[in-house]
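> First the structure, which I've put down as structure tokens, then a few questions once you've had a look.
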């Protein structure tokens, strides 16, 4: 007679913020990602470019971006996107849901 197979362990649900432990920006000051008061257009463009370069090589860029979109982060560069870009992304994600609900 054989013993029944042990029940599989339930999947571990990671903390929703675990991705931050692997972010390239975790040891970089916020000045790179958030606009200081009185920032000129040229300064903003340079700062955002530097932030995007960091984000581009980040292994958790998409998790960071998703976090910012879901939580409606209003300031800073998250996952390589500005708030304006994230607002557009939220709108684009909203469209299919609305189209589905309108059709049903």
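In case you wondered, yes, glycine gets a Cβ from its N, Cα and C as well.
Whatever TrEMBL says is automated annotation, not expert-curated.
Just lifted these from TrEMBL, have a look:
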type	residues	note
DOMAIN	24-88	domain '4Fe-4S Wbl-type'
BINDING	25, 55, 58, 64	[4Fe-4S] cluster binding site
> What other residues of the same chain, not counting 25, 55, 58, 64, have a CB atom within 8 A of the CB centroid of the [4Fe-4S] cluster site?
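These residues sit around the [4Fe-4S] cluster site: 23, 24, 54, 60, 61, 78, 79, 80.
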> Look at the binding-site residues 25, 64 and tell me which residue has the greatest number of other C-beta atoms within 10 angstroms of its C-beta.
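Sorting the candidates by Cβ neighbours within 10 Å, the top entry is 64.
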> Which ones in the same chain are close to residue 58 ([4Fe-4S] cluster binding site), with CB under 8 Å and 6+ residues apart in sequence?
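Spatial neighbours, sequence-distant, of residue 58 ([4Fe-4S] cluster binding site): 23, 24, 25, 64, 79, 80.
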